[in-house]
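Features of the protein shown, as given by Swiss-Prot:
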ACT_SITE  Glu90  active site, proton acceptor
DOMAIN    96-328  domain 'Radical SAM core'
DISULFID  Cys103-Cys334  disulfide bond
BINDING   Cys110, Cys114, Cys117  [4Fe-4S] cluster binding site
BINDING   Gly160, Glu161, Ser192, Ser215, Leu216, His217, Asn291  S-adenosyl-L-methionine binding site
ACT_SITE  Cys334  active site, S-methylcysteine intermediate
Amino acid sequence: MDYADFDHQKLVEWLKAHGEKEFHAKQILSWIYQKGVLSWDKMSNLSQSLREKLAKHIRLPVLELVRYTESIDQETIKFLWRLRDGNLVESVLILSGIRRTVCVSSQVGCPAKCAFCASGQQGFFRNLRPTEIIEQILQINAWLSSKGEKVSHVVYMGMGEPLKNYESVVASIRVLSHPDFCNISQRRITVSTVGVVEGIKRLSKEGLKVNLVLSLHAPNQHIRKKIIPYARKYPLEEILESMDEYAQKTKRDITFEYTLLAGINDHPDHAHELAHLLKGKQCTVNLIPYNPIPGLRLKRPEKKAIKQFRSVLYGSHIVNTCRYTKGDDIGAACGQLALQEREGQTGLPMLKEVAFGS
């Protein structure tokens, strides 16, 4: 069993079944989720016999840190984790002012296969379990603790399509936001999706208050189908209706991400079409100039084209931002997460890079 399979009540029941006092449950959860201790041996206020029982029956930890790499500006750190089956996933820590945002992966690889995203080019291998998602935060929290800091925001924008691993993602959100666990406000948690309609509708009924982001990337279904194969399954009109439903039920504004690709979706006409598509919606468009990926012929638009695109949106009263690229020098920017060099393990290949501090 994994430790994340236990909430307080389940842990109390487990302790009683193994002849232990129930008050240990609060101690154990505090060690793991508040202190970031992922070793039974280091839980000093537990008896040796209890620690041995825990070690025998409950797995801890589930991720092994292979390496972490820091960007030149020291504002982005990419972590490479090995799972117990040998597969590898990545997380990114973004330092911005007082914010400490972690971009977590929800799958090994990604089934969406977006034309401009490195993760999608690698194919899909498997879903992550809730524990494997949660521990990305716990281990980075432990890494930050030496600086007296902790994770403040979580974005499900790493490897994978979160809503195609629905149960694990929702379970991880509940743990990360629970006051007795990581206590990260749901308003500081963001889930990104390419537009899995049934997942969006289901999420709107969960009673969660997380932010929802649609990876739109095109002003119409015709272009979207070309750059996002998943779009063939989900008509744009249905996706937008489900996003509206989410906004209405959760009272949360929604965000549309739009990767600008030179000569594909960056013309002023595309901007006018996008403005018409989103007219009347309480939303923000987050423009992302394409981050180059080796082997792909796609290009980032010129600054003039980006400025013109934004001007059209502003003129149509569409709130928009242009994301400042962070971590592109270490392959940690939006769309760049991928693993590029096999070392004999199963699943995705290992990232080719030099470990920070080596």
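Keep in mind that glycine also has a Cβ here, set from the backbone N, Cα and C atoms.
Owing to the predicted nature of the structure, the values given are computational and were not obtained by experimental measurement.
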> Taking Cys110 ([4Fe-4S] cluster binding site) as the reference, which of Glu90, Glu161, Ser192, Ser215, Leu216 (the recorded positions) have a CA within 10 A of its CA?
Replying inline: Glu161
> From the Cα of Glu90 (active site, proton acceptor) across to the Cα of Asn291 (S-adenosyl-L-methionine binding site), what is the distance in angstrom?
Replying inline: 17
> Name the residues of the same chain, 6+ apart in sequence, whose Cβ is under 8 Å from the Cβ of His217 (S-adenosyl-L-methionine binding site)?
Replying inline: Cys114, Phe116, Arg224, Ile227, Ile228, Glu257, Tyr258, Thr259, Asn265
>> List the recorded positions among Glu90, Cys117, Leu216 whose C-alpha is within 10 Å of the C-alpha of Cys103 (disulfide bond), in sequence order, or say none.
In response: Glu90
> Of the binding-site residues Ser192, Ser215, Leu216, which one sits closest to Glu90 (active site, proton acceptor) when you measure Cα to Cα?
Replying inline: Ser192
> Relative to the Cβ of Leu216 (S-adenosyl-L-methionine binding site), which residues of the same chain, six or more apart in sequence, are found under 8 Å away?
Replying inline: Gly195, Arg224, Phe256, Glu257, Tyr258, Val285
> Given the recorded positions Cys103, Cys110, Cys114, Cys117, which one has the fewest other C-beta atoms within 10 angstroms of its C-beta?
Replying inline: Cys114
>> Please list, in sequence order, the residues in the chain of Glu161 (S-adenosyl-L-methionine binding site) that are at least six apart in sequence and whose C-beta is under 8 Å away from its C-beta.
In response: Ser106, Gln107, Cys110, Pro111, Ala112, Thr193, Val194, Val196, Tyr230
>> Excluding near sequence neighbours, so keeping only residues 6 or more apart in the same chain, what lies with its CB under 8 A of Ser192 (S-adenosyl-L-methionine binding site)?
In response: Val155, Tyr156, Met157, Pro162, Val213, Leu214, Ser215, Glu257
